[in-house]
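Residues annotated as domain 'Major facilitator superfamily (MFS) profile' in TrEMBL: 27-477. Per TrEMBL, the feature transmembrane segment maps to 20-40, 83-101, 113-131, 137-159, 171-192, 204-224, 285-309, 321-343, 350-372, 384-405, 426-446, 452-473.
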Amino acid sequence: MPAGGFAPATAGGVEFEAKITPIVILSCIMAATGGLMFGYDVGVSGGVTSMPDFLEKFFPEVYGKTLDPTLNSNYCKYDNQDLQLFTSSLYLAGLIATFFASWTTRRLGRKPSMLIAGFFFIFGVVLNAAAQDLAMLIIGRILLGCGVGFANQAVPLFLSEIAPTRIRGGLNILFQLNVTIGILFANLVNYGTAKIKGGWGWRVSLGLAGIPAFLLTAGALLVLETPNSLIERGRLEEGKSVLRKIRGTDKIEPEFLELVEASRLAQEVKHPFRNLLKRRNWPQLAITIALQIFQQFTGINAIMFYAPVLFNTVGFGSDAALYSSVIIGAVNVVSTCVSIYSVDKVGRRMLLLEAGVQMFFSQVVIAIILGIKVKDHSNDLHRGFGILVVVMVCTFVSAFAWSWGPLGWLIPSETFPLETRSAGQSVTVCVNLIFTFVMAQAFLSMLCTLKFGIFLFFCGWVFIMSVFVVFLLPETKNIPIEEMTERVWKKHWFWKRFMDYDGEFAEPETKGDNSLKNGYTYGLDPASQL
């Protein structure tokens, strides 16, 4: 075996030889900047909505409430549907865009979809930074949401397909790492722009989103298309050439033949979304939907919202927002790096289960302390309790960042077979954005109603999702992406009952002589054609 390479064994004992080549690392880094844009959008919205000049211009009702001491409740002062719509409109637009992104990702490729996402981001940034009224602001957020829909559809697929099996999890999590870096960058920018005199600091915050938008667009122009996508669209020789280039070896025949066979099966499926509903695809679909719902119900939004208040009670004074954002953001980034290092060593299930215990414990402690010490119009928290709460916040964020944050995207992107992978990723993004929209639109109202009890609400969900992982989530570590069905789903104690293929395959769609481009013929053993 050449130095720097590896050869994970497949089910049949065939080895897929691959080196960790610079072109793969650079391609994954460039593609993962889609996460940087997503993270910046998430982080910047929370900062600008706390800026008085921004609130006075676009949300005067909320601005008035922040100045009225009789309404200045710790739990209710930002409870406003228009303000929540500013945040949630991005996710609603992303939800709609993902249906179009599924088609472009399958028919045009992963690379063009990332390029489309970059253009949406750029146009959205321009409108947001130049916004003169609420309508212009919302339209800009909608365009950003369209970019999120396309990026979240294409980037995880790109990363899973171009990465060698042994480090697929780590490279895929680069997307989530960039999300956390984007959030941290946005928090630092917001702190600086909030000090700008003249009431235009928020425009700088929104306008600097152009940096990650440009990086994604440039990256989409420079990266290679995945061999999976090229072969799926009939460009076999080009796909073989790219596979040889990204694996850094000429011994790519076993992996290439497997991709050709997967493509043959994919071409037989004329309606991938309809195919998702067939019994044999229920396990992947159920896992995908559950992971997206659970990710949003971990309570990460509750923790992030409370951070400035909690850090302020420890004695950070007027710089509470900066300290909370930087400390939590740094914990977020470092913990995601832990996931990159460990996900292909200890596995997906172990990270999720360990994090479940950690998140449950930390939220129970926070709920007890706040329930006893923090009331509607006071935050009289003893310094010792305050430090404990800060530690618990960081404990929760670290657990989320190395588990449900990145793995909620990684696992769905690697479990679907090629014929339904694009449609499956579309469902992943769709469900995630539906529940992100629901949480963004309802969270502040829930917080006002439930108060500290919202942490106990999320604790219940953490317990449920941990039980789900124990019994129903199979391990996908180090399994070649095109062999998930045979080596994972058909061997799982529960899901194997759904994997009976008899009577479910439709007859292949006839296309002349049933041939692909470049002389490869459907229905024949690919090895006999080479």
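Along the chain as shown, the residues are counted starting at 1.
Glycine is treated like the rest: Cβ placed from N, Cα and C.
Worth saying up front: this structure is predicted, and the values here are computed from it rather than measured.
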Ranking 137-159, 204-224, 350-372, 384-405, 452-473 by the number of C-beta pairs under 8 Å to the transmembrane segment (113-131), which range is first?
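By the under-8 Å Cβ criterion, the transmembrane segment (113-131) pairs most with 137-159.
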Taking the transmembrane segment (384-405) as the first stretch and the transmembrane segment (171-192) as the second, find out whether 3 or more Cβ pairs fall under 8 Å, excluding pairs closer than 6 in sequence.
yes
What stretch, picked from 20-40, 137-159, 204-224, 350-372, 452-473, has the most CB pairs under 8 A with the transmembrane segment (171-192)?
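Checked against 20-40, 137-159, 204-224, 350-372, 452-473; highest Cβ contact count belongs to 20-40.
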Against which stretches of its own chain does the transmembrane segment (83-101) lie, if we need a Cβ under 8 Å and a gap of at least six residues from its ends?
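For the transmembrane segment (83-101), the list is 41, 45-46, 49, 58-59, 62, 113, 116-117, 120, 137-138, 141-150, 152-154, 426, 429-430, 433-434, 436-437, 440-445.
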With Cβ-Cβ distances below 8 Å as the criterion, list the same-chain residues six or more beyond the ends of the transmembrane segment (137-159) that contact it, or say none.
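For the transmembrane segment (137-159), the list is 27-28, 31-32, 34-35, 37-38, 41, 58, 85-86, 89-98, 100-102, 104-105, 110-111, 113-114, 116-121, 123-128, 131, 168, 171-172, 174-175, 206, 209, 213, 216, 223, 226, 409-410, 412-413, 421-422, 425-426, 428-429, 432-433.
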